[in-house]
Amino acid sequence: MAKISRAAYADMFGPTVGDRVRLGDTELWIEVEKDYATYGHEVKFGGGKVIRDGMGQSQRPNTEAVDTVITNALILDHWGVVKADIGLKQGRIAAIGKAGNPDIQDNIDIIIGPGTEVIAGEGMIATAGGIDAHIHFICPQQIEEALMSGVTTMLGGGAGPATGTNATTCTPGPWHMGKMLQAADAFPMNLGFLGKGNASLPAALEEQMLAGAMGLKLHEDWGTTPASIDNCLNIAEKYDVQVAIHTDTLNESGFVEDTLAAFKGRTIHTYHTEGAGGGHAPDIIKACGELNVLPSSTNPTRPYTINTVDEHLDMLMVCHHLDPDIPEDVAFADSRIRKETIAAEDILHDLGAFSMISSDSQAMGRVGEVVCRTWQTAHKMKVQRGPLAQDSERADNFRAKRYIAKYTINPAIAHGIAHEVGSLEPGKLADIILWRPAFFGAKPSLIIKGGMIAAAPMGDANASIPTPQPVHYRPMFGAFGRAMQQTRLTFVCQAALDNGVKEQFGLQSPLSACRNTRTVTKKSMVLNDLTPQMEVDSQTYEVRANGELLVCEPAKVLPLAQRYFLF
């Protein structure tokens with residue numbers, strides 16, 4: 001049998017079992033665990049290559065063949081690091097395995113026919129589209145920024161640059177909810193909106209659910225009292241939706257123990273659980289030890305660096321409508337920004353005690369940096385803490401799976417949309433991001449939305465080939481017209497679907513109901529389910545998990561930073 005070198009094989013078909021790939025300029029390496037290819041029978045498109053009539057391309061009609069095949073991609077997902085072909089059909093993932101022509105090849109999972117388009121995945125990393133579950137919908141331009149970074153689902157609240165939206169992730173009331181659902185039809189992004197949950201009686205919350213909310217948000221700026229928490233969670237239990245909470249920084253209506261007691265063991269998603277983004281000062285971080293709490297971070301504190309504390313004070317004053325001339329406002333800001341808890345947050349992510357990472361877009365968060373901040377945190381922890389026990393000096397597969405789960409499958413599970421998005425698995429929406437390894441985490445090479453290319457770096461449109469400068473991210477055909485509407489989802493609750501919200505507001509995009517949100521616990525958070533016994537010293541702000549003091553140094557330099565964004 002003819003053989004080629006491992007290096008030559010990787011150049012031609014991408015890495016195979018035992019090969020390692022560096023993620024961007026981080027110190028993280030992943031190793032291929034499985035390759036679905038049959039050596040010598042790989043499919044590849046191009047002049048003189050395999051996917052041609054009667055060779056790798058069969059005669060099968062499109063009823064049997066896939067619409068699109070991504071060839072020889074290296075998949076990085078919470079479930080594995082595998083090399084495979086990915087078949088797409090009707091905007092969803094049809095199969096992951098071996099593609100080709102079953103008339104002349106054995107063990108074919110994905111049939112290539114005359115109706116099949118090809119995307120070359122050789123040498124590329126494929127990940128699921130990211131999910132940002134903490135969005136202030138302040139301006140529509142956020143959506144393009146997020147899409148170009150590798151995010152394909154945005155969940156949160158707001159109604160434009162109103163003062164309330166600038167501070168809180170709530171789309172309040174049926175009128176605003178309806179208008180935001182109508183606006184959602186215009187964007188190549190899966191969207192879901194959270195109603196305002198701050199009320200002590202149920203009627204005003206129920207009408208938001210029937211108007212199309214996919215969940216509710218409790219925010220301290222609207223008064224997150226034990227009574228409003230209890231009422232909001234009662235509605236969530238009734239309508240099977242998730243509640244997100246920004247707790248009481250000032251401890252006006254109670255302390256962290258009172259808030260945890262108000263949960264009454266019911267599931268809740270705690271936003272920026274470290275507290276710099278808001279929450280009981282100084283000890284909201286203790287919530288990550290509770291079984292019913294699904295803790296997330298927002299990206300300005302990811303990871304802890306020499307600049308983190310300084311920039312937060314200015315952000316806080318602007319976002320929460322504070323006045324630097326009022327001493328009480330300054331004291332409020334100072335109470336929220338603590339280097340000790342921010343440093344501990346790094347380690348809690350590495351331990352799997354914090355389960356999700358999101359942005360907090362334009363409200364103390366950067367919407368285009370969820371992905372890169374996640375991998376910067378993973379890198380910092382690898383450098384400072386070494387390989388995880390489940391990994392070796394050779395590769396960081398477990399750590400990579402843990403961190404990618406924080407912005408893909410775990411927010412999907414938390415908000416009841418994992419049946420649609422959050423991972424690369426058959427049956428799910430084909431929201432797929434392709435990365436060149438050298439640019440992993442910073443700049444995607446292709447953004448596939450609902451099976452159609454929605455965005456990509458693209459050169460001069462008047463050039464003779466696609467690559468001449470200036471190359472920058474541009475919307476593609478999947479971002480336009482009816483095609484865009486049919487390759488995205490708007491998430492609502494089942495009651496809104498039953499109430500005819502699609503017809504009521506004349507919505508064009510498919511709607512999908514969230515489900516199974518009330519049975520989720522911390523143990524449902526994939527690879528991020530640790531519930532440590534948490535202690536916080538109220539004077540020194542020292543944080544301990546299971547008795548261990550959590551301390552790390554701020555980073556002075558990070559990967560996936562300046563060298564990637566000069567242009």
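Cβ coordinates are placed from backbone N, Cα and C, and glycine is handled just like the others.
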*From D360, D391, D396, D431, the one annotated by Swiss-Prot with H134, H136, K217 for Ni(2+) 1*: D360
_Co-listed Ni(2+) 2-binding residue [Swiss-Prot; alongside K217, H272] among H246, H312_ = H246
_To see if you understand the setup: which same-chain residues, six or more apart in sequence, place their Cβ under 8 Å from that of H246 (Ni(2+) 2 binding site)?_
T168, T169, K217, L218, H219, E220, D221, T224, Y271, H272, G277, G278, G279
*asked:* Need one number: mean pLDDT over the domain 'Urease' (129-567).
replied: 96
*Taking the Cα atoms as reference points, how far is D360 (Ni(2+) 1 binding site) from H320 (active site, proton donor) in Å?*
13
*Of these binding-site residues, H219, H272, which scores lowest on Cβ atoms within 10 Å?*
H219
*Looking only at Cβ atoms, how many others are within 10 Å of the one on H136 (Ni(2+) 1 binding site)?*
26
*recorded positions listed as K217, H320, least Cβ neighbours within 10 Å*: H320
_Number of Cβ atoms other than its own within 10 Å, given for H134 (Ni(2+) 1 binding site)_ = 32
_Distance, H134 (Ni(2+) 1 binding site) to H320 (active site, proton donor) (CA atoms, angstrom)_ = 16
